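*Asks:* Supplied in structure tokens, the structure appears directly below.
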Amino acid sequence: MNIGILALQGAFREHSQMLRQLGVHVREVRLPADLVGLSGLILPGGESTTMTNLMTSYGFWEPLAAFAARGGAIWGTCAGAILLAQNIQGVSPHLGTQRSLGLLDMTIRRNAFGRQVDSFAVPLDVQGLEKPFPAVFIRAPIIESVGPEVEILARHDDQIVMVQQGRVMATSFHPELTGDTRLHQHFLGLVTAKAEVQA
Ligand code: GLN
């Protein structure tokens, strides 16, 4: 099983380390050609407008849509979750709209936890986990609403912070910044839930 991490910007090294700990073969994806042969892909946290601009520069939009269409599993964390949403709120007025992959039927609001609490950590109850997960939120987005096909896996203070729709999942927090590998293992389960994708 080969798992890729989009390595244009943000916290991709931490995801790589976590997956390597789990014995997974990891590839840092810097060009669309690096997607060939992968069965799962992580879109890391970072800064979503910067990542969006780099994705346009390197021609990633169409290859990523094709990767999802051929059954590749995708997990977006924080900025990566923003890239997956069908609808993005909280975009700077001078930008107008922000392009996204639109693979998750949800509306997400950038930087939604307020300026005074830009970063915090909480024990989070996640569906399917026996004990709370130490969730680190860094200028995190909130998932404001989801469509009928989307499963909600965690909420913090009534706000949706983890979802899954088919083979695509999103967390508005950063599981790669903790020592807890349970969500990476959950993602690997999603990847292997179906036969290997066609290269
Ligand atoms: N605030 C960032 C954005 O909107 C996301 C923050 C993060 O990934 N930690 O892109």
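Heads up, the Cβ atoms here are built off N, Cα and C, so glycines get one too.
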*Asks:* Please identify which of R20, R109, R110, R167 is recorded by TrEMBL as part of the L-glutamine site containing G46, E47, S48, I138, R139.
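*Replies:* Matched candidate out of R20, R109, R110, R167, per TrEMBL for L-glutamine with G46, E47, S48, I138, R139: R110.
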*Asks:* Reported as an integer number of Å, what is the Cα distance between S48 (L-glutamine binding site) and E176 (active site, charge relay system)?
*Replies:* 17
*Asks:* Looking only at E47, E176, which of these recorded positions has the biggest number of Cβ atoms within 10 Å around its Cβ?
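*Replies:* Checking each of E47, E176, the winner is E176.
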*Asks:* Measuring Cα to Cα, how many angstrom lie between G46 (L-glutamine binding site) and H174 (active site, charge relay system)?
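*Replies:* Cα-Cα, rounded: 10 Å.
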*Asks:* Just jot down the residues in the same chain as R110 (L-glutamine binding site), at least 6 apart in sequence, with C-beta under 8 A of its C-beta; none if empty.
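*Replies:* Residues satisfying the criterion: S48, I82, I88, Q89, G90, V91, P141.
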